[in-house]
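Novice: To start, I am sharing the structure in question, which I have written as structure tokens.
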Amino acid sequence: MFIHRMKSNLASLFLSFFLLLACEFTFSYADFSTTTSDATHPSATATEDIFSTPAVPSLGLAQNPSVYEPYRGDKCGGYNAIQVSEYEKGVLAILQLNGDPCYAYGTDYPFLALNVSFDSIDRLHVSIQDLYGAQFQFSKRTDVWDAPLYHFQPQFGDRTYNFSFNSQPFEFWVTRVSDGEVLFDTRGHKLIFEDQYIELTTNMVDDYNVYGLAETVHGLRLGNNLTRTFWANGNPTPLDRNAYGTHPFYLEHRYTPSENLNSDGQPSYTSSTHGVLMLTANGMEVLLRPNYLQYRIIGGIVDLYIYVGGTKNPKDTVSQFVQSVGTPAMQQHWTFGFHICRWGYKNVFDLVEVKENFKNFEIPVDTFWSDIDYMYEYRDFTVESNAFPKDKMMEFFNSLQQSNQHYVPIIDAAIYAANPINRSDDVYYPYYEGVRRDIFLRNPDRSLYVGNVWPGFTTFPDFTNPETTNYWTECLMNLSAAFGYNSSFPLPYSGLWIDMNEPTSFCIGSCGTDKLDQNPVHPAFILEGEPNNMVYMYPEGFEHTNASEHASAYQASVSQYYATATSTVESVKATSTPLNVRPKYNINYPPYALNTEQGEGDLSNLGVSVNATYHDGTVRYNLFNTYGYDQSRVTYDSLTSIEPNVRPFILSRSTFVGSGKYAAHWLGDNYSLWSNMIFSIPGALTFNMVGLPMVGADVCGFMGNTDEELCSRWMALGAFLPFYRNHNSLGSISQEPYRWESVAESSRCAMNIRYSLLPYWYTLMYEASSQGLPLIRPLFFEFPNEPSLANADRQFMVGSALLVTPVLEPNVDYVRGVFPGDNSTIWYDWYDHKVIYRQHNENITLSAPLTHINVAIRGGNIIPMQKPSLTTHETKQNPYDLLVALDSDRKACGSLYVDDGVSIQQESTLFVKFVANGDSLSIESYGDLQVHEPLSKITIIGLPCAPIGVYFEGVQVESFSYLEDTKELVLTNLEAFTSTGAFSNNWTISWNLPV
């Protein structure tokens, strides 16, 4: 903190000095204020320009996205750098507008302040703001968002980058010292800095490989013909459009041909990776084009962070970034089990039945979830007492406690606005207490902002208000009481699912103002499963395997379509923005219209309006993308105040940079389609790049009806993503894995692997939490020098040891995949431990019957395992196994992290290192946690011949076998050597091979 403040104070002194010089040198403050004041201060704008309360709910005003208009920056002259000061820790300068204002999509500032800070040896910060600070500055709102990059500590060593610039016009570029690579380069592009439009452009190398820029539904590699919009959106998983979260960080990976050939005699490459974060909560577009990448921001300032990365592997760049914004929270051990959920578990008896069915079918499950069915009329912090009576809920919670299983309910962001003339609403504490404490979002005239969500007209908590945390904590305790709270259950639920927290609202503006006497009102559309909205959608290929059922569903869907009224809205630009004419400041309809997914492009469609205000008067226009982050933060603080030192488990739909510190994430309301299963892989990989590694998709699909084949394949795939939950929607057919015999078998097989790998998963989570490393990784992360892997996103790595190759299409019993690395890299099949023979870059065909998913082990790894059971708790009590996969040099290594699986602050932990050489396997343990479970079995694959003898700390091991076909040594009955715990002491196992 001290270092950060010292740097800030130094910069302030320089800027104050520059202000004095600039005022004398070029302009007077009076001139500046008359030019821009009404354009930069929303409070100075007429009320009707920023306040919209429609008389009736509507779709808003349709917009034509500005990205499709002819480019307007050609006549902008950019800025010149004056009064430049270079010092040890950065560069300070004033930037002066070069020529007349160009009014691209706003009013140009005549003077800007440049502050380049050499934050660390591998991170550079470039800040550009208007000279007098009229623009909203997100970095000043540490009450809303805080991160380690604001509190950096000094690092010793030489900087790994150089910052260079030209003054007239001002342009800059950043170079990596080690290889001379230019990482960010604005040369040839003019900076545009206006009150509602900022444009910054960097040159890109040919055919660049860029990843990240979440959240959208897209392939892993973004390509060079894409516009990414950052505007939190509650619409279900739109392809190539803005979705729930905002993570304006990208990772770029470059390949450089080498003069040398690899061991296969093929051309070889070196590679490098770097990352860039444009930190803003305002709306933004990023244009990826063949030779450049361009930021277009509709407010705020330029707040750019460049991460130098390096030439070793992309994981280093991810680690640099994640550690700067906050490493992800360590998850509880049970969260890596299987979770079952649906919108449609209509009473507690449904939950009990599902629990019993999993037990009867012997399918592992750890957590049962409730969607909004459990609430009284969909109102937060209530329980429908007829369907979920307290006594039956307590019986259910007791049964979960006895079986060491868990329960997670949903909480939506919106709070039902009580009907003032309905006496039964008088007891709705969350609303009246929120009004009393003044913790809800307001309209600009200070009236309550009232939107429309599931329960009817609703209000929205202001999670930036310090008072909201206490309010939220009390509401969570009230929910415990509503479930039947007693002293044996501090919280009857083990985590919280926070949803609809972009936040979503089903109308434009404060549509419930003066209408609360109509509550509760039905959402402004027909719910799935209601008349005229029955679910007839099935996966691609369903017509080939279920022809008669498909024909019936198709005919019914056609009839329903023609029975439902439809309408269209003409798309016109709501606010005319003529060329080179100063536009009017307007936050509801900014001069630059973002290319959004919502409705017809109105920024407030399907969300709380941009003119809604926070407790301090800040409009949502400037904090639009942080609502889910702040709800996660407040929920985290509330849960830790209720159960101190217990790691909160929070699943959030909307996320922002650094949300991983507080929450996990699922990929949202997907469809039961093969295409959606495919996109779940790049989606999960991308979130692992941006610091939210605990991520997964709704297995088998949320909307529409799944089928047996899709669900079987998806249950297998989901077992290898960090967060593993089956969830589907109201009106869809049931899709628990026991509904079909093949799905049950596929699930058991995949879960058997997942649960046996719990020690491995948990160790990966520890590395993510401590170092910012991803749990799952694209192939190029582990094999960074192979250009053919740049687009690979239908296979992925779990850690560095396992390669997963799922089937992603219907009606096949095979799958094709690559096994990276040169001839020195060995891959073993998970199931039979045989070597997978292939040529470099060869796409080989693998057998994949319906209940099978292909998994390969990378030689050189040691994987800690435990015998799987039906819950994570039972599995954790079982003996350990070690799987040792030797590489071509007959070496391997691995690690294990163990703690109590629950606590934030650990009293004791254990970290174990495993090392295998040609004739021995050794462990070294660090820490004082006593692990009582013994070691049962060690499997060593890749040993060329049978050993003459095997010894545990010099004592001969009698129980071992060697399988010639797989070159596999199996040691069993090791409990006798490790009865006090598998890793309570350091030990070495050695073997003698024949000469």
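Placed from the backbone N, Cα and C atoms, the Cβ positions cover glycine too.
Residues or ranges marked as active site in Swiss-Prot: E502. Feature annotation from Swiss-Prot assigns active site, proton donor to D669. Marked as N-linked glycosylation site by Swiss-Prot: N115, N162, N225, N422, N478, N486, N546, N611, N670, N823, N843, N986. If you look up Swiss-Prot, you'll see 1-30 marked as signal peptide, on the strength of sequence analysis.
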Novice: How many whole Å apart are the CA atoms of N986 (N-linked glycosylation site) and N478 (N-linked glycosylation site)?
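Specialist: About 50 Å separates the two Cα atoms.
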Novice: Helix, strand or coil for N115 (N-linked glycosylation site)? Use DSSP.
Specialist: strand
Novice: Of the recorded positions N225, N422, N486, D669, N670, which sits closest to N843 (N-linked glycosylation site) by Cα distance?
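Specialist: So, spelling it out, the nearest of the recorded positions is N225.
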Novice: Considering only the glycosylation sites N162, N478, N486, N546, N823, which residue has the minimal Cα-Cα separation from N225 (N-linked glycosylation site)?
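Specialist: Closest candidate to N225 (N-linked glycosylation site), judged by Cα separation, is N162.
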Novice: When you rank N115, N162, N486, N546, N611 by Cα distance to N670 (N-linked glycosylation site), which of the glycosylation sites ends up on top as the closest?
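Specialist: Given the candidates N115, N162, N486, N546, N611, the nearest one is N546.
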Novice: Ten-angstrom check, please: count other Cβ atoms within 10 Å of the Cβ of N422 (N-linked glycosylation site), all chains counted.
Specialist: 13
Novice: Taking Cα atoms as reference points, which of the glycosylation sites N422, N546, N611, N823 is nearest to E502 (active site)?
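Specialist: Of all the candidates listed, N611 is nearest in space.
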Novice: Can you tell which of N115, N162, N225, N611, N843 has the most other C-beta atoms within 10 Å, given these are the glycosylation sites?
Specialist: N611
Novice: Which of these glycosylation sites has the least crowded Cβ, counting other Cβ atoms within 10 Å: N478, N986?
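Specialist: Minimum Cβ neighbour count within 10 Å, taken over the glycosylation sites N478, N986, occurs at N986.
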Novice: Cβ-Cβ under 8 Å from N823 (N-linked glycosylation site), same chain, 6 or more residues apart: which ones?
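Specialist: Long-range Cβ contacts: S263, D264, H840.
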Novice: Which residues in the same chain, at least 6 apart in sequence, have a Cβ under 8 Å from the Cβ of N486 (N-linked glycosylation site)?
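Specialist: M394 - these are the non-local Cβ neighbours of N486 (N-linked glycosylation site), listed in sequence order.
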Novice: Enter the number of other CB atoms within 10 angstroms of the CB of the residue listed as 'active site'.
Specialist: 27
Novice: Tell me the Cβ contacts of N546 (N-linked glycosylation site) under 8 Å, same chain only and six or more apart in sequence, or just say none.
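Specialist: Counting only residues 6 or more apart in sequence, the Cβ neighbours of N546 (N-linked glycosylation site) under 8 Å are Y538, D707.
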Novice: Within the chain of D669 (active site, proton donor), which residues six or more apart in sequence place their C-beta under 8 angstroms from its C-beta?
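Specialist: Residues satisfying the criterion: P236, T237, D698, F702, M703, S729.
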Novice: I need the CA-to-CA distance for N611 (N-linked glycosylation site) versus N422 (N-linked glycosylation site), whole Å please.
Specialist: 30
Novice: Relative to the Cα of N162 (N-linked glycosylation site), which of the glycosylation sites N115, N422, N478 has the closest Cα?
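Specialist: Closest candidate to N162 (N-linked glycosylation site), judged by Cα separation, is N115.
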Novice: In angstrom units, rounded to an integer, how far apart are the Cα atoms of N115 (N-linked glycosylation site) and N422 (N-linked glycosylation site)?
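Specialist: So the alpha carbons of N115 (N-linked glycosylation site) and N422 (N-linked glycosylation site) sit roughly 57 Å from each other.
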